[in-house]
Amino acid sequence: MLRAGPPSHTLLRLPLLQLLLLLVQAVGRGLGRASPAGGPLEDVVIERYHIPRVCPREVQMGDFVRYHYNGTFEDGKKFDSSYDRHTLVAIVVGVGRLITGMDRGLMGMCVNERRRLIVPPHLGYGSIGVAGLIPPDATLYFDVVLLDVWNKEDTVQVSTLLRPPHCPRMVQDSDFVRYHYNGTLLDGTAFDTSYSKGGTYDTYVGSGWLIKGMDQGLLGMCPGERRKIIIPPFLAYGEKGYGTVIPSQASLVFHVLLIDVHNPKDTVQLETLELPPGCVRRAVAGDFMRYHYNGSLMDGTLFDSSYSRNHTYNTYVGQGYIIPGMDQGLQGSCMGERRRITIPPHLAYGENGTGDKIPGSAVLIFDVHVIDFHNPADPVEIKTLSRPLETCNETAKLGDFVRYHYNCSLLDGTRLFSSHDYGAPQEATLGAHKVIEGLDTGLQGMCVGERRQLVVPPHLAHGESGARGVPGSAVLLFEVELVSREDGLPTGYLFVWHEDPPGNLFEHMDLNKDGEVPAEEFSTFIKAQVSEGKGRLLPGQDPEKTIGDMFQNQDRNQDGKITAEELKLKSDEDQERVHEEL
């Protein structure tokens, strides 16, 4: 639109002055005596030699018209021309301000229509003529093109050319709008366009920044809607026009595409697109969230998408790490929820926008899919799915060696790992830091045969960095079933006795009584104690390796055999160490 100084992005609104009517002075003498057919004409002869295909209205008595003309005599000699004066005729028709022949000849005319009028003398300047210009009794020939027509009773004419199927809101007074437009006069002459300026036209509606007709024509528009708005001069620039591009008393035609609309009082708008069943917890300020999104402007232009990066957007909610509107819009969401968040510019990137994809004063629409969220203070969530029917007297505890089956997935259902893929249960010693902390915790207290669901937050799983196949900051969902459990050994022990050991342990271990115990003899002795139920090895380890480690611990001088002086129980070693420290 035409700008006229500050504030920028506004239309100059000029006061409508009273129309100064043009009076035609008729002086002359005599009546015309001839016609093209050789006899006198009784009325105006009208030849419509160009009729436009579309004619929304025809000139009627009392209309205000603007037109160009060439006036000639029968011999073709020109006596007058609006083109030579570079000034359109602008006048009311049918009220006696034009010669009668012209008043009659303009009736029923369409904008852009071209007519040839033959005006007999008694409907022109009669027997008097115009001294020095039009002789008495002259028949006049006019070539006329109509450029504009309007009436004081006219209102703004609005035609909807395209209306989007979804209309989240319509323009109201005091709204701020961003739109593109092409502006023409009624005859199609272009005078301005926003498209050539590399940006939308941005302004308030109903606040005096626009001409009155545009204020009215924009009301009720939806983002993405296209309209044709025809504005009569008294609701546009009136008698003064505007500069050299909009003449006096010109009707204006605007083809408008509304990009977006908001009000400074707007808040974030939320629309739930899909809500998963069983939502037991909603996001609150301080939670860490992983989500996917598509970000678009109100007209549907996509400006960003996490999907294109094949990575979720990960951030804290309600702590200022993201734009205020998104901070607000994500709170209260459920895991797995899909929601649409519409954010006005004052809660997004404001008047300046950001980068080359988000313009100033842009309303942003985010279609969000919440993958998961957690709080740094979250514990493991444990839900028992089933328990064995028989009484369970002993449950898994720290130090126990357990075997279990599991399925692991993300909260959006993405499958990660499963022990069933390996055809054997997973094995672990609880508390030995061989599995993630959350799984270690979730297995404790289980009965053999029990099934549980565990929700493990990332700080008890693979953290911000994730692991192979596991995204960073991912909440993990486990379904676990305890297959077996064995009591573990105290920390540092590889073997424990179920009863007091033999009084003279070395003699029992020295099977051939030669005063020394080699590795083979040591291994035979320990295996015998295990098979007879007198002791047990550290569960979950290769027995041969465990026995080998035990032998190495007792072979103090590493000569390949154990003597009576070298053999000591670990309990005795621990007691000696306590005394040494004291």
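A Cβ is built for glycine as well, from the same backbone N, Cα and C atoms used for every other residue.
A TrEMBL annotation is a machine prediction, not a hand-curated record.
Residues annotated as signal peptide in TrEMBL: 1-26.
A mean pLDDT of 96 is what the model gives for the domain 'PPIase FKBP-type' (62-150). The domain 'PPIase FKBP-type' feature in TrEMBL is assigned to 62-150 (among others).
Marked as domain 'PPIase FKBP-type' by TrEMBL: 174-262 (among others). Residue counts of the domain 'PPIase FKBP-type' (174-262) by helix, strand and coil are 13 helix, 37 strand, 39 coil (DSSP-based).
TrEMBL lists 286-374 (among others) with the feature domain 'PPIase FKBP-type'.
Taken from TrEMBL, the feature domain 'PPIase FKBP-type' applies to 399-486 (among others).
Annotation comment: TrEMBL describes 504-532 (among others) as domain 'EF-hand'.
The region 'Disordered' annotation in TrEMBL covers 535-582.
Taken from TrEMBL, the feature domain 'EF-hand' covers 542-577 (among others).
Among the features that TrEMBL reports, compositional bias 'Basic and acidic residues' is placed at 556-582.
Highest Cβ pair count under 8 Å relative to the domain 'PPIase FKBP-type' (399-486), across stretches 174-262, 286-374, 504-532: 286-374.
Listed as Cβ neighbours of the domain 'EF-hand' (504-532) (distance under 8 Å, sequence separation of 6 or more from its ends, same chain) are residues 495, 497, 543-544, 547-548, 550-551, 554, 560-564, 567, 569.
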